[in-house]
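Engineer: Just lifted these from TrEMBL, have a look:
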{"type": "TRANSMEM", "residues": "45-63", "note": "transmembrane segment"}
{"type": "DOMAIN", "residues": "66-278", "note": "domain 'Ion transport'"}
{"type": "TRANSMEM", "residues": "92-110", "note": "transmembrane segment"}
{"type": "TRANSMEM", "residues": "122-143", "note": "transmembrane segment"}
{"type": "TRANSMEM", "residues": "180-203", "note": "transmembrane segment"}
{"type": "TRANSMEM", "residues": "251-275", "note": "transmembrane segment"}
{"type": "DOMAIN", "residues": "395-640", "note": "domain 'Ion transport'"}
{"type": "TRANSMEM", "residues": "395-417", "note": "transmembrane segment"}
{"type": "TRANSMEM", "residues": "429-448", "note": "transmembrane segment"}
{"type": "TRANSMEM", "residues": "468-487", "note": "transmembrane segment"}
{"type": "TRANSMEM", "residues": "499-521", "note": "transmembrane segment"}
{"type": "TRANSMEM", "residues": "541-563", "note": "transmembrane segment"}
{"type": "TRANSMEM", "residues": "584-603", "note": "transmembrane segment"}
{"type": "TRANSMEM", "residues": "615-637", "note": "transmembrane segment"}
Amino acid sequence: GTGANNDLYINQAVVFIEDAIQYRSINHRVDSKSLWLYRWYYSRTCQWILSLTITLILALAFIEKPSSLTVTSDVRYRLPAWNPPCGLTESIELFCFLVFMVDVSVKSYLIGWEEFWKNKWLMAYILTLIVSITDWVVSLSFFCAEDVRIRRILRPFFLLQNSSMMKKTLKSINSTLPEMASVVLLLAVHLSLFTMFAMLLFARTKDGQQEKEWVRYFRNLPDSLTSLLVLLTTANNPDVMIPAYSKNRAYSIFFILFTVLGNLFLMNLLTAIIYNQFRGYLLKSVQSSLFRRRLGIRAAFEVLSSLKETPANAEQSHVSVGALLQVLQKVEMDSRCKQAIMRSLKMCSCDQLSAAQFQKLFEELDKDAIKQHPPSPEYQSRFMQKMQFAFGHPYFGYLGNVVALANIVSICVVLVLDADKQPSERDDFFLGAINCFFILYYVLEMLLKVLAMGLRRYLSYPSNRFDGLLTVILLILEIATFAEYGFPHPGWRPEFVGLLSLWDMVRLVNMLIVFRFLRIIPNMKFMALVVTTLLDLVKNLRAFAGILVVVFYAFAITGIMLFKGAVVPLGNVRAVLYFKEKRDFMALFSHFQADVIFCLLYLLSVNLICRWTKIYFVAWWLISSVIWVNLFVALLLENFIHKWDRRCHREPLSDIEYQRTVELMFRDVLEEPTEEELMDKLHQHPHLQLCR
C-alpha cells in the first residue's frame with residue numbers, strides 16, 4: 001500500500017543519511033527487512049561486540065603457550081609460566097569464530113550475491129575463517145600439543161578487514177610499491193658491489209691486523225653482506241671499521257663512501273620517492289569520503305522525492321519539509337548537527353526543498369565542531385572584580401610558568417649535587433622543603449584561577465584539567481609523605497617505611513613536577529602547533545597504527561614458531577643465539593610479550609641481526625624501518641605542512657576551540673562532485689530503482 005511504501009522510503013532515507021554521516025558505501029540491500037538488519041549490524045552494541053571479539057582473539061597470544069604471564073623475562077631467574085589447560089583458549093577461539101561467522105554472513109547477505117563475488121575482502125574473510133577453523137580442529141585432535149598453529153598468524157586479518165581506512169591504506173601502499181621497488185633494487189646493487197669490494201679489500205693475508213677485519217666481518221659472502229647491511233643502518237658503526245682503520249687510516253675511505261652513498265643519498269632518495277608517491281594519500285582518501293557523503297545525501301533526497309505526498313514536477317524533484325523532519329527524528333547523528341539542521345528548516349519559509357537546498361542543509365556535517373567555553377562568574381563586589389581581573393589575566397599564567405621553571409631548575413641543581421652520594425649519605429631536607437613550597441604555590445594558583453574563571457570555565461580548558469589533576473595528585477602525595485615521615489627537617493633520611501621509601505616518594509613527586517612543566521606548551525605558539533599536529537596525527541591516522549599492529553603481531557607469532565627456545569641460560573646449556581654483550585639474557589622469541597616489546601621494537605631501529613635469523617630480520621627491517629617509517633614520515637610531513645600553511649588564515653578566538661578532523665583539514669581544497677557524477681553512480685546501485 002501507499003503507507004507501506006512511504007514507510008520504506010523514510011527508512012531508506014534514514015539509512016542513506018546515516019551512511020553519509022559515517023562515510024559508508026550505500027551499495028547494500030534496501031528492502032524493509034534488510035534495512036532493519038543493516039541498522040542493527042551497525043548499531044553501537046553490535047560494533048562494540050565485534051571490536052571486543054577482535055581484541056579478545058588478538059590478546060590470546062599473551063596467555064597461550066608459551067605464556068607471557070611472568071614477572072621477569074630473564075630465563076635465568078624466570079619461574080615456569082602458567083600455561084592454560086587444553087581447551088580453555090580453544091573455547092574462547094571458538095566463540096570468536098562464531099561471532100566472525102555471523103559477521104561475514106550478515107555482510108554477505110546485505111551486499112547481495114552479485115556484489116559478494118566482486119568483494120575480494122569478503123572472500124578472503126571466509127577463506128581465513130575456513131583455514132582457522134580447520135587448524136583449530138587439528139589442534140584439538142592433537143590435544144593442543146602441536147607447536148605450529150597457522151591460525152595464530154591469520155588473526156590480524158580480522159582486525160584488518162574490519163576497518164575501511166586500513167583497506168584504503170593498504171591499497172595506497174600497494175600503488176606505491178613499484179616506485180619503492182626500484183630504489184630498493186638500487187640499494188641491493190649498491191650493497192652487492194661494496195660487498196665484493198670489501199671481500200677483495202679485506203681478504204685473508206698474513207697480516208694479523210688486517211686479518212681481524214676478515215675474521216670478524218668479511219670472512220665469507222653472507223657475513224660480508226650482513227656486515228654492510230647493518231652498516232647501512234649505522235647499527236655497527238664504527239665497530240665494523242675499527243680493525244682496518246687501526247692498521248691504515250686510508251681504509252676509512254671505503255666505509256665513508258659506502259655510508260655517504262647508501263645513507264645520505266639512496267635512503268633519503270627512498271624517503272623522497274615515498275613522500276612524492278604517497279603525499280596525496282590523505283587528500284585522495286578524503287575526496288573519496290566526501291563523494292560517499294554527497295552520494296548518501298543525494299540518495300536520501302531521491303527516495304524521499306518518491307513519496308506519494310510529494311507533488312510531481314516534470315522538471316525538478318522536490319522533498320517536503322515534513323518528510324525530512326520525520327527522517328531526522330529517526331536518524332542517529334550528532335545532536336549539534338541535528339539541532340542546526342532543525343533550526344535551518346524552521347527558518348526556511350518554503351514547504352518543498354530542491355536537491356541543492358537539501359544538500360546544503362546537510363553541509364552542517366562538514367563544519368567544524370565548535371566548543372565555546374562557559375562565561376566567567378559575575379561578581380558584585382569591587383574587590384572580587386579586581387581579584388578576578390588579576391588572577392584571570394594571562395600574565396598570571398605566565399607567572400605560573402616562571403615558577404614551574406624555577407621548580408625544575410631547583411630539582412636539577414639538587415640532583416646534580418647528590419648524583420654521586422650513596423643513599424645513606426643523602427639529606428632530602430632541601431629537596432623536600434622546596435617541593436613543599438612549590439606544591440603549595442600550585443594549589444594556591446589553581447584555587448585562584450577557579451575563583452577568577454569559575455569551576456565550569458576552568459575545567460573547560462584541557463590545559464587547566466591537566467594542570468589541576470597533577471596539582472591534586474602532588475598535594476595527595478605530599479600529604480602522604482608528611483603523614484608517613486613527618487615534615488622536612490635536617491637529616492631527613494630515606495628510610496623505608498610502609499609502601500614506599502622516602503626517596504621513592506620524593507622521586508615520584510619530582511617526576512610529576514617535571515611532567516607538569518608541559519603546561520607551557522599552549523603558551524608557545526610554534527611549539528603548540530607542532531604538538532597539535534602530532535595529536536591530530538595520533539587521533540586521525542588510526543589506520544596506520546592498526547596496520548602497524550598487524551605487522552608486529554604477524555612477525556611476533558612467526559618469530560615464536562621459528563625460533564622458540566633459541567635462547568637459553570648460558571650457564572646451563574650452550575646458547576644457540578646470544579647478544580653481543582653476554583650480560584643480556586633476555587629470552588628472545590620465548591613468548592609473545594618478549595617478542596613484541598623487545599625484539600621487534602629493538603629491531604625497528606636495527607640493532608641486532610643474528611646468524612641464523614638473517615632472512616627474518618632483513619624482512620622485518622625492510623617492512624618496518626625502510627617502508628613503514630618512511631610512509632609515516634610522508635604522512636607526518638603532509639599533515640604538518642598543511643597545518644603550518646593554514647596557521648595564519650584563522651586563529652582560534654580566546655573562548656572558542658575548533659575540533660578538527662582530517663576531513664575538515666582538507667575541506668577547502670576538495671572538489672565537490674557534480675550532479676551528473678552522483679546520478680550516474682546512483683543509477684548503478686545494484687538494489688535501488690530510481691523513478692528518474
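Cβ coordinates come from backbone N, Cα and C, glycine included.
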Engineer: Where, among 122-143, 251-275, 468-487, 615-637, do we find the most CB pairs under 8 A to the transmembrane segment (180-203)?
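Structural biologist: Stretch with maximum Cβ contacts: 251-275.
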Engineer: Counting only pairs at least 6 apart in sequence, do the transmembrane segment (429-448) and the transmembrane segment (615-637) share 3+ Cβ pairs under 8 Å?
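Structural biologist: Contact between the transmembrane segment (429-448) and the transmembrane segment (615-637): absent.
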Engineer: What is the average pLDDT across the domain 'Ion transport' (66-278)?
Structural biologist: 83
